[in-house]
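J.: Dropping the structure in here first, questions after.
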Amino acid sequence: MTTFFSLTTAAAVLTLARGSNALVRPGNVGKLPALGWNTWNAFGCDIDATKIMTAANEVVNLGLKDLGYEYINIDDCWSVKSGRDASTQRIIPDPDKFPDGISGVADQIHDLGLKIGIYSSAGLTTCAGYPASLGYEDIDAQTFAEWGIDYLKYDNCGVPSNWTDTYTYCVPDPGSKATNGTCPDNKNPAPAGYDWRTSLTAERYRRMRDALVSVDRTILYSLCEWGQANVNDWGNETGNSWRTTGDITPSWPRIAAIANENSFLMNHVDFWGYPDPDMLEVGNGNLTLAENRAHFALWAAMKSPLIIGTALDSISQDHLAILSNKILLKFHQDPVIGRPAQPYKWGYNPDWTFDPAHPAEYWSGASSVLGGTLVLMLNSEDTTQRRTAVWKEVPELKDVLGRQGKRRIGFRVTDVWTGKDLGCVRDHYSVELESHDVAALVVGRAC
């Protein structure tokens, strides 16, 4: 069902949450992290209505819709590249790619019980050089609403010089000469105490937020500003999710580096606001099955948006099984607990080490729906290694252990990947993990 709201609710859209303003939308849109599919990682600019409807139908036929995946998102390259309509100033859908327009595709997607997303950028052009929305926020938001759009991914390309920030924020991606989470090559840092909410980047994204909340349709707002301008200070009051890094690629070094960066941002995760480590690469490139598992498990545990980016009509059963893991999806979509899993021990490194090659290896998170605590153990090394979860080290288990005093107890443990009951496990659980694999457990009631 499509959710609408009147202009009178726009003034009330910012609501106090977690001690800061969060973008709260009608119908609980954006309260939980988004689940869906996007064209970019699979097809880049090679898109059309047929490919998008194929994906939408596969989301239904493969059972992904029943698991909560609902957004079918069109990324860059959907419009006429030469410019806007001269009389209306509206962006024009490419008639060769979309003969029935975007609204025609939206109608078909809605008929499947799914939602549709679109893409633009907070600049003059998109990353692929198509018309973007800076200076046209109101007309574009109105156009998207009229087409039946439910989700906007808003990129950070095509920014003119008069909208460039005064200072440069440190995003410690590999390749930026980052050192332990710092950027020593940054020659234009902001002074101490600088409020990044006053930056031009923040203003560009606020303008589209304000345009979206002024239309009579609820559109989820996904910021894609690549972690710039200290977005963690203002992202939650501006959008429903915000990118924390540069783009992902289907390679383990990049996935590990993003997981490492995002692991330090878990205090920003709760209902209505989600740091976004970028779309999923499950099923793409030359990732091993273990790496696909680790990628998905970490993204789900961090309660990141889970946006599939592979061709669903040719997906393997192994990759589909990863994307369909009911236990991880239940944790991700918990209606009572908004907080994510968090690292409780780094494992390979001393705790709180910033290491793009070796992110935190031990994670845990409370759940209201799993009957226990989610525990992950990652092998970030390049060879098979043994990993051990010690119950007394897991924060969510300490209260139970403390109440038992010196009595030696165990916990009922379930393997998340197989669903197998591993029995009553006392003190600790050990497992041999191949390179870049992850063990995922639900540690349940005491026994």
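Here, residue 1 is simply the first one shown, and the rest follow in order.
Glycine is treated like the rest: Cβ placed from N, Cα and C.
Straight from Swiss-Prot, here's the annotation block:
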ACT_SITE  ASP155  active site, nucleophile
ACT_SITE  ASP247  active site, proton donor
BINDING   GLU225, TRP226, GLY227, GLN228, ALA229  substrate binding site
DISULFID  CYS45-CYS77  disulfide bond
DISULFID  CYS127-CYS157  disulfide bond
CARBOHYD  ASN162  N-linked glycosylation site
CARBOHYD  ASN180  N-linked glycosylation site
CARBOHYD  ASN236  N-linked glycosylation site
CARBOHYD  ASN286  N-linked glycosylation site
SIGNAL    1-25  signal peptide
J.: If I take the alpha carbons of GLY227 (substrate binding site) and ASN180 (N-linked glycosylation site), what is the distance between them in whole Å?
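T.: Cα-Cα distance, GLY227 (substrate binding site) to ASN180 (N-linked glycosylation site): 17 Å.
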J.: If you take the centroid of the Cβ atoms of GLU225, TRP226, GLY227, GLN228, ALA229, the listed substrate site, which other residues of that chain have their Cβ within 8 Å of it?
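T.: What remains near the Cβ centre is ASN156, TYR169, VAL171, THR201, VAL231, ARG243.
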J.: Specify the secondary structure state of ASN162 (N-linked glycosylation site) as given by DSSP, simplified to three classes.
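T.: The three-state answer is helix.
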J.: Looking at the recorded positions ASP155, GLN228, ALA229, ASP247, which has the shortest Cα distance to CYS77 (disulfide bond)?
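T.: So, of the listed recorded positions, the one sitting closest to CYS77 (disulfide bond) is ASP155.
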J.: My understanding is the cutoff is Cβ-Cβ under 8 Å with a sequence separation of 6 or more in the same chain; which residues meet that for GLU225 (substrate binding site)?
T.: ALA122, ASN156, THR201, TYR205, VAL231, GLY235, TRP242, ARG243
J.: Nearest by CA distance to CYS45 (disulfide bond): which of the recorded positions is it, out of CYS127, ASN180, TRP226, ASN236, ASN286?
T.: CYS127
J.: Taking the Cβ of CYS77 (disulfide bond) as the centre, count every other Cβ atom within 10 Å, in any protein chain shown.
T.: 22
J.: What number of additional C-beta atoms lies within 10 angstroms of the C-beta atom of ASN162 (N-linked glycosylation site)?
T.: 6
